[in-house]
Amino acid sequence: MSSTTNSPTHHTSTIGAIGAPSRRNTELALLVFAVVIPVFAYANVGLAINDSVPPGLLSYGLGLGLLAGVGHLVVRKFAPYADPLMLPIATLLNGLGLVVIWRLDQSKRLSNYAEAAPRQLLYSALGVALLAAVLIFLKDHRVLQRYTYISMAGALFLLILPLVPGLGANIYGAKIWIKIPGLGTLQPGEFAKIVLAVFFAGYLMVKRDALALASRRFMGLYLPRGRDLGPILVVWVISILILVFETDLGTSLLFFGMFVIMLYVATERTSWIVFGLLMSAVGAVSVASFEPHIQTRVQAWLDPAREFKLSRSGIQDGVVHSEQAMQALWAFGSGGTLGTGLGQGNSDLIGFAANSDFILATFGEELGLAGVMAILLLYGLIVERGVRTALAARDPFGKLLAVGLSGAFGLQVFVVAGGVMGLIPLTGMTLPFVAYGGSSVIANWALIGILLRISDTARRPAPAPAGNPDAEMTQVVRPS
Amino acid sequence: MNKPLRRIAIFCGLLVLALLIRDNWIQYVQADELRTDKNNRRVIIERYASPRGDIIVDGKPITGSKETSGSDFKWKRTYKDGAMWAPVTGYASQAFGATQLENLEDGILTGNDDRLFFRNTLDMLTGKKQEGGNVVTTLNGAAQKAAYDGLKRQGGKGAVAAIEPSTGKILALASYPSYDPSSFAGNSTTTDTKAWQKLLKKNNPDDPTLNRALRETYPPGSTFKVLTAAAALEDGLYTDADQNTKTPLPWTMPGTTTPLKNEGNIPCKNATLRAALQYSCNTVFGKIGSDLGNEKMLAMAKKFGFTEEHFTPVRANASVFGDDMNPSETALSSIGQFNTAATPLQMAMVASAVANDGTLMKPYMVDELQARSVDTIEKTEPEELSKPMSSDNAQILQSMMETVVQKGTGTNAQIPGVTVGGKTGTAQHGVDNKENPYAWFISYAKGEDGSSPVAVAVVIEDDKAVRDDISGGGLAAPIARNVMEAVIKSKK
């Protein structure tokens with residue numbers, strides 16, 4: 001970024017302003033790989049299971065190619081300076097997810113999943129459509145700033161929806177879905193994640209000075225004033241309420257974690273992180289002490305083999321014992337370093353949610369350690385490109401929104417992948433782009449859309465120096 | 001704002017790093033443990049994913065595999081003459097696991113054994129499906145059939161073990177009543193589970209899944225006198241078969257006022273060792289036991305293989321000879337009563353050590369492990385287990401046992417043109433000896449060159465058995481004879 005102290009006419013000293021490459025051709029080249037790799041994987045599954053190239057290969061390839069192509073053209077036209085990596089990585093993950101969902105459709109053990117892959121392709125198309133809509137209609141992400149408090153109301157509304165009697169659906173202990181007659185179920189929490197990030201960004205941008213500066217120093221930490229604690233307390237209470245009423249540890253952790261990250265970035269005060277950790281620990285422990293659903297999850301995490309035996313023994317002690325944690329670990333272990341090859345594993349032994357919450361176990365068994373590490377690194381790349389976008393953004397709202405969205409994305413990956421791999425207790429959440437579930441895939445495409453918009457704004461060359469309200473830019477002006 | 005942003009970038013990187021480390025932990029460090037966990041269904045899915053290798057007797061398979069549908073197990077085990085071979089093969093059931101050779105050699109039979117790794121890799125490269133290898137046994141089909149048919153004709157519970165004395169190869173291993181492992185090889189809850197339930201001991205007092213030849217110990221009764229005679233000769237207590245043992249009749253057990261009884265009115269007073277064995281004198285062998293003492297008798301029993309488990313590779317239970325006994329208990333133990341108990345395999349080992357001029361070979365039933373392409377992966381070499389007696393003393397004992405068959409209690413075991421040595425036994429058991437006695441016979445056959453092709457032990461529990469020594473000769477000896485004959489014929 002060029003310094004505003006340089007005269008705009010003094011060409012030799014401006015560095016960033018001239019000809020910042022749009023990188024659209026890089027994106028296109030990467031997209032070719034992102035489409036070709038899943039197509040090969042698709043053929044691989046068909047050959048492994050039915051000894052023939054699957055008949056749907058062409059339409060699948062065309063479908064994925066079309067999604068990538070539309071996404072690319074929209075970005076090229078409406079966000080030409082956007083980050084070149086996010087769209088290809090998201091397409092690749094989405095494509096591989098579709099392959100594995102289709103592979104699990106073929107499972108004889110899981111006959112109830114028969115038609116998940118075509119539906120997921122439809123959801124992906126809706127997701128890319130939403131991404132296009134975001135890029136076309138949201139010319140500047142700062143517009144979102146205007147809707148700070150409407151966002152708050154919207155997010156609360158979305159979060160309360162599953163608790164409305166007659167609308168909410170309790171599926172295997174977690175009440176995070178709503179039923180829409182004729183369309184299936186929807187997970188409002190996935191959308192609430194984005195709306196809430198908009199609210200946090202708008203709110204913190206305004207309040208960050210008060211939160212950062214008005215504080216007392218105590219034992220090396222800057223303690224916030226009592227009244228400034230208000231917002232974090234409200235968010236904390238909401239998270240706890242989600243935990244109690246929707247029994248969803250994952251979403252609760254995700255929202256609270258996202259807020260703490262954004263608060264820390266806005267105020268640069270480490271004390272907020274300490275507070276955040278303390279509060280989430282207190283909240284989680286106290287809720288877990290009386291919520292049997294969460295207690296079983298913790299027990300299954302500490303000793304999955306025992307939980308497997310309890311589940312098999314058919315013991316009736318008032319809680320639902322699940323063998324899934326153990327089954328997932330066996331799937332990973334049986335995959336080993338290189339995996340069994342697509343279509344040749346037995347990850348469908350996991351049963352319920354094998355193609356959504358547990359889908360990473362299928363990657364683990366069939367693509368092995370190598371495949372899972374590649375997937376995890378792809379997620380890492382998306383997150384780091386998101387934080388990179390935040391660094392490059394010129395306005396605090398954009399910075400906060402970008403870091404909030406990518407931080408939430410990273411936390412979600414950590415919570416679900418860590419849960420399936422037994423690193424942390426298992427919570428019902430979907431692996432972004434890969435897991436089966438319309439809400440998740442649509443919401444995450446929208447999330448990528450917003451990140452692309454922010455990065456486009458950030459990398460766009462030569463912003464008019466005059467009248468720039470950007471606080472960050474004025475800080476750069478220093479006598480050298 | 002950029003400093004905290006960079007820290008958040010590092011934090012997110014750490015989250016991914018934690019996931020990567022965890023992934024390496026479960027997919028690399030713990031992978032083998034998880035993959036082979038006995039509760040992991042993949043273990044049995046893999047066991048039945050391709051046709052299992054076969055268990056081979058006399059160059060022909062006694063097992064097979066059948067393709068099935070309707071479950072995630074592709075192939076099912078089948079058995080030819082399953083009931084006859086069950087004590088050798090054990091079973092491999094989709095629903096109820098595997099035992100004995102089917103379990104112990106599972107790696108070879110499924111083709112997952114590390115020794116097949118190179119071949120499997122080659123097969124993978126050439127696009128061939130992985131195939132299981134074969135387990136070639138030492139068993140003799142004709143001898144096994146003679147043993148099983150004999151037990152079946154008898155009808156009561158019983159077992160036979162036959163060994164080739166010079167190598168330790170197990171030639172026959174039969175148990176009756178038996179079970180057909182084919183009947184529950186699948187995983188159907190209607191047919192297989194029912195068949196399985198019927199075989200369980202709680203539903204079937206005959207306990208047909210018990211491998212009596214290896215896993216049941218019986219009081220060996222008078223057959224144990226062979227071992228006592230060996231102890232007397234080795235110790236130098238007597239040096240000749242025809243030497244007067246100077247045993248009074250009646251003989252009162254030391255430390256008691258109870259005379260040790262003989263079965264019937266037999267000439268045991270001052271009998272020679274040969275006559276004592278011929279008529280099965282309790283007094284003579286009881287006195288030998290008490291004269292030698294607990295320690296020496298136990299040492300000799302151990303040399304013959306008592307008190308330890310034998311792995312053929314299928315495990316055989318340890319046979320028992322008591323320690324810390326007083327002289328009268330030692331006397332009873334030395335005629336195969338009191339605490340003494342032996343598996344049929346153990347008594348066959350006693351006969352085989354005598355027949356092999358005093359050298360006991362380690363019994364084994366797996367001759368060779370082969371890859372499907374009939375290449376040998378591992379061959380078992382005969383191995384000496386111990387040398388319980390000198391060959392001179394062994395030959396003295398042989399002449400005594402041959403007398404038993406020529407004109408003693410074991411005449412039923414005679415084979416025209418073949419030298420046979422043997423010893424009968426009838427063991428009482430139960431409270432006040434109320435239960436059916438066990439009829440025993442151990443014997444060996446000898447070729448013209450003096451080497452022995454087979455030693456055999458037969459035990460039968462039958463209410464038809466009379467409470468005297470003749471029943472061992474009457475019930476068990478004919479089966480032993482048929483087994484020996486079958487082995488001799490198959491050698492020709």
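Quick reminder: no glycine exception, Cβ is built from N, Cα and C everywhere.
Just so you know, TrEMBL annotations never went through curation; they're auto-generated.
The annotation transmembrane segment is assigned in TrEMBL to A:28-45 (among others).
Listed by sequence, the residues of this chain that lie at least six past the ends of the transmembrane segment (A:57-75) yet keep a Cβ under 8 A from its Cβ atoms are 24, 27-28, 31, 34-35, 38-39, 42-43, 46, 82, 87-88, 91, 94-95, 98, 102, 121, 124-125, 128, 131-132, 135-136, 452. Look at TrEMBL and you will find A:57-75 (among others) tagged as transmembrane segment.
Taken from TrEMBL, the feature transmembrane segment covers A:82-101 (among others). Beyond its flanks by at least six residues, the transmembrane segment (A:82-101) meets 23-24, 26-27, 30-31, 33-35, 37-39, 41-42, 45, 60, 64, 67-68, 71-72, 75, 113, 116-117, 120-121, 124, 127, 342, 355, 359, 362-363, 366, 375, 378-379, 381-382, 385-386, 388-389, 431-436, 441, 444-445, 448, 451-453, 455-456, 459 of its own chain at Cβ-Cβ distances under 8 Å.
Sequence annotations record features per position, and here TrEMBL assigns transmembrane segment to A:121-138 (among others). Within its own chain, the transmembrane segment (A:121-138) has Cβ neighbours under 8 Å at 60, 63, 67, 70-71, 74-75, 78-79, 94, 98, 144, 437-438, 441-446, 448-450, 452-453, counting only residues six or more beyond its boundaries.
Taken from TrEMBL, the feature transmembrane segment covers A:150-171 (among others).
Sequence annotations record features per position, and here TrEMBL assigns transmembrane segment to A:191-206 (among others).
The feature transmembrane segment is assigned by TrEMBL to A:227-245 (among others).
When Cβ-Cβ distances below 8 Å are used as the criterion, the transmembrane segment (A:251-267) is approached by residues 176, 189, 192-193, 196-197, 200-201, 204-205, 207-208, 211-212, 232, 235-236, 238-240, 242-243, 273, 276-277, 279-280, 283-284, 390, 396, 399-400, 403-404, 407-408, 411-412, 415, 427, 429 of the same chain, each at least six residues removed from its ends. The transmembrane segment annotation in TrEMBL covers A:251-267 (among others).
Annotation comment: TrEMBL describes A:272-290 (among others) as transmembrane segment.
Look at TrEMBL and you will find A:358-379 (among others) tagged as transmembrane segment.
Look at TrEMBL and you will find A:400-427 (among others) tagged as transmembrane segment.
Feature annotation from TrEMBL assigns transmembrane segment to A:433-452 (among others).
Taking Cβ pairs closer than 8 Å, the transmembrane segment (A:191-206) reaches residues 144-145, 147-149, 151-152, 154-155, 158-159, 231, 254-255, 258-259, 262-263, 266-267, 396-397, 400-401, 404-405, 408, 412, 439, 443, 446-447, 450 in its own chain, all 6 or more past its ends.
Tertiary proximity for the transmembrane segment (A:150-171) is limited to same-chain residues at least six positions away from its ends with a CB under 8 Å from its CB atoms, namely 144, 177-179, 185, 188-189, 191-192, 195-196, 198-199, 202-203, 238, 242, 245-246.
For the transmembrane segment (A:358-379), same-chain residues at least 6 beyond its ends with a Cβ under 8 Å from one of its own Cβ atoms are 89, 92-93, 96-97, 100-101, 103-104, 324, 327-328, 331-332, 334-348, 350, 409-410, 413, 416-417, 420-421, 431-432, 434-436.
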